[in-house]
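Scroll down for the structure; my scribbles are underneath it.
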């Protein structure tokens, strides 16, 4: 499917110009489809744009829209209009031909290598000019041409080469989304802070308003103290006469309509149940002074004189025109009354312009006592304001801290989403650690990895360490110095590492490991055949080491940059030259020089399926797996459980045997059939046969799966051996010493670190490490222990000035906080453990016991 033909450059196809007759045929086909459409799912009439896009699918939708917009045609109108409008049909044909020309030009540009791309950028709604990291425009889409659009705020960026356009778009879009999420988080945090501040300001402003209103009402009551007393007496008089409360409200309404007494100051309904009424008192600040009163009195007197003069003139007119009819007299009187009412209403409107303040008056208290209530309420509001300002200030600071903490957590999650993944070294797929003498030790996680290490990395210069405890690891010590023996410390540390997965760890037993040289370990059987996956043969005598206490440690290496790695590499080569050490890294083994691949004998032998025989009228017999076991049969004269002597049943069983001693099989079958138990016996035997068949099929399935797994492992081992025989070498795997140079146990002042690499090693091998925790056998889970270790590392004291190399530095804590425990637990080769932190704190997965209860 995918071959070199993908890279063949073919000539761009030549397109035939579209004719109007083709468009009419497209419309006719579309109308036929509309006619046969069912009533349940009616099809919509295509627009001109969709009609052309469906029938000329090699033209993109944006290209069609672009040419139609340049031709001044609305492509969203119905395609059926092309049948009746010849001018529209001709314009649409020309626009479609223009789209074909542009399409052909794009293909030719791509063929000649002169194509260009256009990236459409849209305005960022979250753009903040004050923030230098804020993006004004973000990538939206890309095209091989400048598209037609009606959206405002778009910007077009031309890129040379369409492939480069795609590279730039997709390489930038993720970082752009990341930047927008960061900006959105910041704005959301700022919005929360502003909401908290505005809520505090609203609460304080509400208390200030209450103080102002209560003070105003108290002053108003004091200013109109006499008026308030008169209003109280007005209502109290009716209450003393035991007038109904509803009638009191009606009387107040009636008197207020006639402007009688003090009824106009009341606001209904009255709250006589609590002896309280509402009064609308004039605002003291809006009452006119003496000069304004005098001017208003003069104006009112002028109006009265005008009315009197008008009345006099009307009287004279009536006297002179005494002969006029009664109708004219009535009209003049009516007009006079209307003018009088209008003038009075004008005076009332001027008097009602004074604003009023509504107050609650307690009929049982005096005017000044009612005013004091409002002043007391103001004092309460003042004290509340003081408390609110104090408490809200503290709450605001706490809210700011919480918002900043949430922002930091969200930003950290965003950073984790975009953080680069560290490429793992080749030895990290195995169990590994570096000894205190700088030897790399490897152990396979399964049989295939054991063979992989043996064929690819192990040589006759290395050492093999293991233990006789069941489940022990096979540890390979890589020795790059030919002719040089490794130190006893290295062998001892490798022995501890080998016993981690054995019963010695869970049983907290001190056991002994042993070691062999590399040329004493082989994959050959004694008959010169190849051993199976994960199996090794030992030719030399095992060298046992002293019993070791299993104490491990979880630590962090720091990965240096290229400059730092080069510095440590130069230091290592200088030490090697000083001691006269020569490096030789290979996987050559003399024992495998002349070996040929031979398929070993299959170790899995198929077990014969049990034979199941059944005869009509009899019960089948299953051959037992053990010769001492006997299967119960129907014609047995002695029960299977007769060996168990039950008290009181021995005599009963003896009588039963004597009673049915002369009974043959036919008589027994007839009796069982008469009793109705024969059918049950047959059903029971049928179920036994089915169960036996099911078990046999299950055994066959297990055998086939095991055989296929063994074949896969055998093929993998053959591939590894074939690679070894062909001299396969991986450059990255060969230069592992430079990789170890990049792993720094304790960074120096001039070292630049990029990230952290976890390691699980014997405690004695971690003496030079800056970040480490002790691990012993226990019952805690490794995921929880790794998380607690990271928390311990991130909460230690920090040297902000980076003066002391033994104290934590800020960049180290930043890297530790970015680590995930799920990415680190793979290096831990044990499942149950006990984490021991400095200071005597230990975590073994057990809850603390509660205090002992006293005796009742």
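Note: Cβ is positioned from N, Cα and C throughout, glycine not excepted.
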Annotated stretch (region 'Disordered', per TrEMBL) among the listed ranges 556-597, 598-639, 640-681: 598-639
Annotated region 'Disordered' segment (source TrEMBL; candidates 228-281, 282-335, 336-389, 390-443): 282-335
Coiled coil range according to TrEMBL, out of 95-122, 123-150, 151-178, 179-206: 179-206
The domain 'NFACT RNA-binding' (429-540) [mean pLDDT, rounded to integer]: 90
